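Participant: Structure in structure tokens, see below.
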């Protein structure tokens, strides 16, 4: 957290506090906590994928310290849609408290169920759809249809005694959506008639003028490209973009080709989409990868993952000649039906070069309309602001330039400048008597998942440069296997944090007390012990030094 704000004080009686633990000044890790009358409601719980300067990291989670001490206060986790940056961290939250009600649409919950199955977690689901309302303690939620690049997306109105909040989630105003489900702007405008006290609004494309193209415009382009291909066609797209996959299938079948899904997430998501009726394709039009390799090249279309150059994705392995089932040849047509996420340029261009070296023809959005964004452009957001007429605005889901562009749009529609809150992750915004203001900040950092340690959640060393710039505290504890009983004094070591060798002595006593409380609570899982140690040291450092160095806990069982 770059801001230097004190912790927020006690919430004014009857007020509402909004704290984003992720999703601001970044695209990913979306998680927002609402507090009212001592109870909590969470909207979304997603991951961020690591950049090139974060080696050895598979996933980056929201920092959940803010809720770890208040798990029993959580009324529900409510989901806007099923993209990884909104649902990917759910298993890690449910590890802390498995019975948190998880509220979402049919398709979103189906994806969450698949994800949680990998972690042997069975969530408590509450399925909703647009037009419905649910009550969760002191919070009432109403759901609005939203058009986005994955099915069944929702915007969420949260009604509290402090006022009405509208969270758009990821939103677009496609007037010709392939699934026939446009964003419910009339419903949100009716909400504006009764008064929206705070709008949390998607900022992703706020700096792009005008209105974004419709998803329906991609289909004809894909049809033209497949029709003109003499050999095999491989289309890469996001595994959650069911409307895109449907258009690829429709074009392939119309041109006499059969379709095969490639990549674990693509196969899984399309299976779920078919089961729930979101994807329509006959069994006779689908083939497995092995059968696809035996067919004439001009009789097949492969739909695969790997649009962002992920090293282990299906397309990347094809480009390196390492895919166990598919061997690319000169004359294959590769269509990258996606946007280029900032930070992935080097990886994507590397895959394109490798494909070109093989002799394949590569088509991206730069050559033909093979992709459109799932986020509203500036002109669409103006429709939203003029319809909802919010009293206060908190731009979310975007980098600083996107957030500021969104703030400018809000101001242009008459929202007072002092009512537009440009917050950061960890910054608390209080809504009291219809007025929103920043009240302080809670410590937040990045929580890393290292795939080499299955299910491990914690801060890990990313490299000497990052350690020296941020500082870190390494904590080693030795406990008896099966009981969690400490067998030696905790050892703490810091670097880039404090030069005083005695600076961490109070933290040692804090860790000893935490270990004793964990033993008393019969906590024996080393992951839970590590989480408790990290939380304790992080809280002590934050309170004592107002710093957030990396906390690296190691639990040794003997």
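Every residue gets a Cβ built from N, Cα and C, even glycine.
Straight from Swiss-Prot, here's the annotation block:
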- 1-269: region 'Not absolutely required for RNase activity' (REGION)
- 81, 83, 148, 170: Zn(2+) 1 binding site (BINDING)
- 85, 86, 170, 397: Zn(2+) 2 binding site (BINDING)
- 371, 372, 373, 374, 375: substrate binding site (BINDING)
- 451-558: region 'Required for beta-lactamase activity' (REGION)
Participant: Quick one: give me the count of other CB atoms within 10 A of the CB of residue 85 (Zn(2+) 2 binding site).
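Facilitator: There are 22 of them.
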Participant: Within a 10 Å radius of its Cβ, which of these binding-site residues (83, 371, 372, 374, 375) has the fewest neighbouring Cβ atoms?
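Facilitator: Minimum Cβ neighbour count within 10 Å, taken over the binding-site residues 83, 371, 372, 374, 375, occurs at 372.
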Participant: For the region 'Not absolutely required for RNase activity' (1-269), what's the model's average pLDDT?
Facilitator: 95
Participant: In terms of Cα spacing, which of the binding-site residues 85, 86, 371, 373, 375, 397 are within 10 angstroms of residue 148 (Zn(2+) 1 binding site)?
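Facilitator: Of everything listed, what lies within 10 Å of residue 148 (Zn(2+) 1 binding site) (Cα to Cα) is 373, 375.
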Participant: Please list, in sequence order, every residue of the chain apart from 81, 83, 148, 170 whose Cβ lies within 8 Å of the Cβ centroid of the Zn(2+) 1 site.
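Facilitator: Filtered neighbour residues, in order: 80, 82, 86, 146, 149, 150, 153, 169, 374.
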Participant: Would you list the other residues of this chain near Zn(2+) 2 - those whose C-beta lies within 8 angstroms of the C-beta centroid of 85, 86, 170, 397 - in sequence order?
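Facilitator: The surrounding set, listed in chain order, is 23, 27, 28, 30, 44, 46, 80, 81, 83, 169, 202.
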Participant: Taking only C-alpha atoms and a 10 A limit, tell me which of 81, 170, 374 are near residue 397 (Zn(2+) 2 binding site). These are the binding-site residues.
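Facilitator: Cα filter at 10 Å returns 170.
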Participant: Can you tell which of the binding-site residues 371, 372, 374 lies nearest to residue 81 (Zn(2+) 1 binding site) in space, using Cα positions?
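Facilitator: Spatially nearest to residue 81 (Zn(2+) 1 binding site) by Cα position is 374.
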